[in-house]
Each structure stands twice: as C-alpha cells, then as structure tokens.
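**Q** Here's a structure for you.
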Amino acid sequence: MMRPCSLNQDFGDVFLFSPVNVVATNGNHAFEHVRAAPPQSPIRSKMDVDSDLQCPICLELFSYPIILPCSHVLCRSPCAEHLFDFNFIRCPVCRDNCYVSGGISSLPRVIALENIIERYKADRSVRENTNDQSRNDESSSLDASLSSQSDVEKDSQVLCHLCNSVSRKKAKKSCLDCNTSYCSNCLLLNHQKKDPFNTHELVSPRDEANQSVTGVCSKHTDQLSLYCKECSVPICTLCKESSLHKDHFMITIESAYADIKASIEKNLLKLGTSQEMVTSSLQHQRDNLKDMQQHIDRKRSEINTQCDMLLAEIENKRSFFLADLEYEERIRQNEQEELIKVMERILGSSQALYSYTSEVLNENVSEFLEVASTLSEKLVKATTDCETAQFQPSEVDVLPGKLVDFRKEKNVIREMNYLLAPETPSVDVTRCSRSEDTVVLVLSPPRNSHDVIDQYEIHYCSEEQKSLEIEDTLIVKNVPEDRLLGKNVPNCSGVIVVLVENLCKSTTYYFCVSASNQSGRSANSEVVQCTTLLPGESVIPAPVIVESLCRAFATSVQIYSSSPQDVAAEQHISHFLLYRPRGQSRAWRTLCLYGRQDHRVFGLLAGTDYEFIILGCNQRGECQVSNRVYIQTEQS
C-alpha cells in the first residue's frame, strides 16, 4: 500500500491508491493500472484504527469494554477479571494501581465504543468483498488476454502446478527457470514481472515429459544437454564448440544431475549427522551449565553454613563473657552499696552526735558535768568510726582474671582460606621395621598439616607385582580424634604407625604413601624398599599379652605383658603398646612400655571395643608382633 495522499487538507479527505501489476500477453512488457480506492471515512489508516480498537492485553477488538479510573479501556472478560485483586486493579498501560469500590461490576461499560467496533467490522467486511470482486475482474481480464494468444497455438492440456488438487485449472504459461506451469490467476499472484522473476522466461505450457531437465540455453536458445565438468555449468551442443568450453571434459546432463545429486545427498546426510552432534553437545553444555550452577549453589550453602557455625561459636563466647562480667558486676556492686550504707549510717550518727554535743556545751555547769563523761566516750567512738570509714579503692580498672585476648583467634580467622589439597607426606625409614610377614611403616605428616588430611593411602607391591604393573592399596582414615597426635596424651610421638600385614616371607616390597582430603590428593612420596625376614631370622622373642591379667575400666584399659622384662638390656629391644578401635582402618596409637610389665591406657571411649598388640623391635629394623587382644571398656 502506498503512502496516503491528501487531496483536500481543509476537509481531511484521504484517498488510498493501490498499484496493480498486470503482465502483458507477449511476456515482454508490464503495465501498471492505478485504481482509486473509495474515500475512507476515518482520517487515519486501517492499521491505526485497529490499534485504537484493540484491547492492550488480548490484542483483539474490544469485547464488552469497560473503562478504568485511569481512563484506559479493557475487555471485561477475561482481561480485566484476571487483573483484579480484591478491589484493586493495576492498569497494564499506565501501571497505575486503581482502587475500585464494589469490584469489577461497578466499572461502567463503554457502549459508544462497542457501536464503533460494530460499524468498523461491517465496513471491513464490505471492503474485503469489494477487493475480492476486483481481483476476480482482473483475473478475468487476464484470462481473456491470454486466450486471444492461444488461438494461434494449439490447446494445452497441461494443468497448473499451484492450483488446488481437486479443481486444477489448465496452465497458460510455463516458466523455464522455475520449471513450473501456472494458470492465469496463479501467474498473477505468484510470478509477477518484478525481481526476482523479471529475468525468467515464460513460454507456452509444456508437459514435464516434453521439457528438458534444466531448460534452454540462454545464449543459443537450444536445449541444455551437456555439463562442463571444468566450468561446472550446464551447456548446449553449440556451447561445446565455442572457445569458452573448448577441450573441456563433458558429460551428459543426466549423469551430472545424478552425480551432483548423490554428492549433495551425501553432504546433506553428513550435515544432519553434524547437526545431531551439535544438538547433543548443546544439550550436554546446558546440562553442564545446570550442574555447575547447582554445584556453586551447594558450595555457597556450605560456605554460609560454615560461617554461621563460626559466628554461632563467637556469639556463644560473647554471651559467656558478658554473663560472667555481669555476675562480677553484681557482686562488686552489692559490696560497694553495702559499704556506702555503712558509711552513710556512721556519717548520720556522727552528725547527730556533733549537733547534740554543741548544744550541751551551751548548758549550765551542773547539767554539762552530768553527761560529760558519757558524751566524751561517744565522741571518741564516733571519731574512731569516722576514721575507719574511709574510701577504700578497689581494682576497678584491672578486674583480675577478666582480660580477653583474641589475638591468636584473629590471626586464625585472618588466615582462613579455601581448603587445599595436602602436600606429600613421607615415610620415616629410620623408624620402620619388618618381620616375616609384617612391615611397620612410620609416616610423617607434611609440614604440620596432619589436621587437614582425611586419609592416607599406602601403595605397595612386590617385585613380581611390579613387573606386572600391579599394586595394592591400604587406606588409613585420619579421624578428628586422631588429628591431635603429638599434642595430647596418650600419643606423644607425633607419628602415624601403620602395619602392613599378611606379606610373603623373604620378599622385597616397595612402598609409597599419599594423603588426600575433600580438595584433592597429594603426590606420591619417595618409594621405600623393604625385604621381609626369613623364618627364624629374627633374634627378637615374640612378645605376649596375658589377656587374663588385663583389666578394663570405663575410659581406660590396663594391659599386662612380661615380655619387656624377659629380654636383656644388651639386646637393645624396645617394646611399644599399639592400640586402636576394633574393626576400623585407622592408624595405631603407640605407647612406649619402658620395661614395665603392665601399662594403663587412658583417654578411651566408654563401651567401645579396642584391639591391642605389643611390638618389639631393635635398632636393625627387625621386629616381632604379639598376639592380638580385644578388650571392651566398661559403660560409663
């Protein structure tokens, strides 16, 4: 539609002009007939009128329009009804919150707008009927023009390719470029003489059986029957003889069509497969993004939880210190108040005595002498009381024992950071020992980071396993109560003792250790080589625990063994008591027996099973392990 042109600005009459393209019968010229549309009654275009008559919510013509207090109009059902919240409605146009007393039923109905919409619908129906009639007239005119040309040609039986399959009309023209036949109406609607169809060549209707696959050569008007492989274009037989395609490799156009079609179908199949891969990758990427967001949310929740727990501990400490200070305040305040009451009472008595004595001094001699001795004693006593009721400063500024020093805790909080993977632990070869089927490993935590390690992994293999690239792994848990090794009793050695048992006799083994926590795993330590003993090679007598003489208590166990006294001092054999909770893969706690027959282990949990062994070892790294004893502590 062209831009409206005003012919009379005074009265505002507007006429809309619509150009109609008509293709001439010879296919070489196009004529434009301009038909004046009837004058429109409204001044604005149809698009503007539609927007004013449309509901801003459903974008349809108003149905039962009602007006809001803000002067905007909405359809009552369902648009306005869905916006009401009790007696309030928010206008979707101006965003104003309107209070409507009585609800939606109290809003007035815009009857004048309904009448305008009804007249608009009627006018639109008339315009559509008029346009349909004009289009039919133009189609009839084109049919008449084309039929005059068909008198020279024979009647065509080719049907239009675009018509309805039930009532297909006879084709009037065929396009060699589109390879499609059109009736007059479809030609007018779908193949107008303008870009990109103005270069297409229209011919008399031809059946598909009479057409070539690709049409006619644009230079020689001959049938395209060959395909130049070097130029990748279809040509006719005359083009083959020209200098442009001389000595080029030619194939039939049917063979070229089959080859190119097969190649395109193959590439299309590859494209489909690639699209499926991209679709799958896209879905995986979206899933990965979702998992990442969920993981970050979990980490955020963990950080908040940890900080809340730390803040809760700080708040508990704050409450404790403030409550203790408040108690100290009440004690000291009561003492001071009692002292103030005593001093006030002494002051009041002395002031009364002073006034009374001043009056007695003015009396006659006889009366004065009668009370003088008693009065003198009272004055001496009052003076003594006043001298004793002096200010006694207390240690208000110091308050001994109530000093709070958080410098160490501040440094700890200041150094708080993300948990890092532990550094590599090591195996202390100077303390390790071995027997016929057992190797005792002593581990050293990396740089005092034992408290951030969740577990140790001992990797070991024999010579034969090494050649086969096979290894065994022993997991040793580092539970919180074991993380204070070397700091508190009973284990003051600060080392982690691990027993690797059930090994082969007289076999060389290789050991290394690593540490891990929730943040990751450390690298493996240096490999340590150890060879188990031959049967009877050890000179250390096997220690023995006498289970019948052992006693259990609530939080301690007394172990009895005569082995530490059964060896001579010249043998340089040391005995250690090893213990841990039964059935748990944890490091052994160690206690030196110092040559005693019995030793009491403290700091145990009540009602818990413990396993005990005694380890005897010498300075050459040989050892013997006693029998294993299981003892349960008493219930508390």
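Note: Cβ is positioned from N, Cα and C throughout, glycine not excepted.
For reference, TrEMBL lists these features for the protein:
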DOMAIN    55-95  domain 'RING-type'
COMPBIAS  124-138  compositional bias 'Basic and acidic residues'
REGION    124-150  region 'Disordered'
COMPBIAS  139-150  compositional bias 'Low complexity'
DOMAIN    212-253  domain 'B box-type'
DOMAIN    421-535  domain 'Fibronectin type-III'
DOMAIN    540-636  domain 'Fibronectin type-III'
**Q** So, by DSSP, how many helix, strand and coil residues make up the domain 'RING-type' (55-95)?
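**A** Its residues fall into 8 helix, 12 strand, 21 coil.
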**Q** Grab the pLDDT values for the domain 'Fibronectin type-III' (540-636) and give me their mean, rounded.
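**A** Overall, the domain 'Fibronectin type-III' (540-636) comes to a mean pLDDT of 92.
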**Q** Quick one: DSSP breakdown of the domain 'Fibronectin type-III' (421-535) into helix, strand and coil?
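**A** The breakdown for the domain 'Fibronectin type-III' (421-535) reads 11 helix, 45 strand, 59 coil.
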**Q** Would you mind splitting the domain 'Fibronectin type-III' (540-636) into helix, strand and coil residue counts from DSSP?
**A** 9 helix, 41 strand, 47 coil
**Q** With DSSP, how much of the domain 'B box-type' (212-253) is helix, how much strand and how much coil, in residues?
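**A** Across the domain 'B box-type' (212-253), DSSP assigns the residues as follows: 5 helix, 11 strand, 26 coil.
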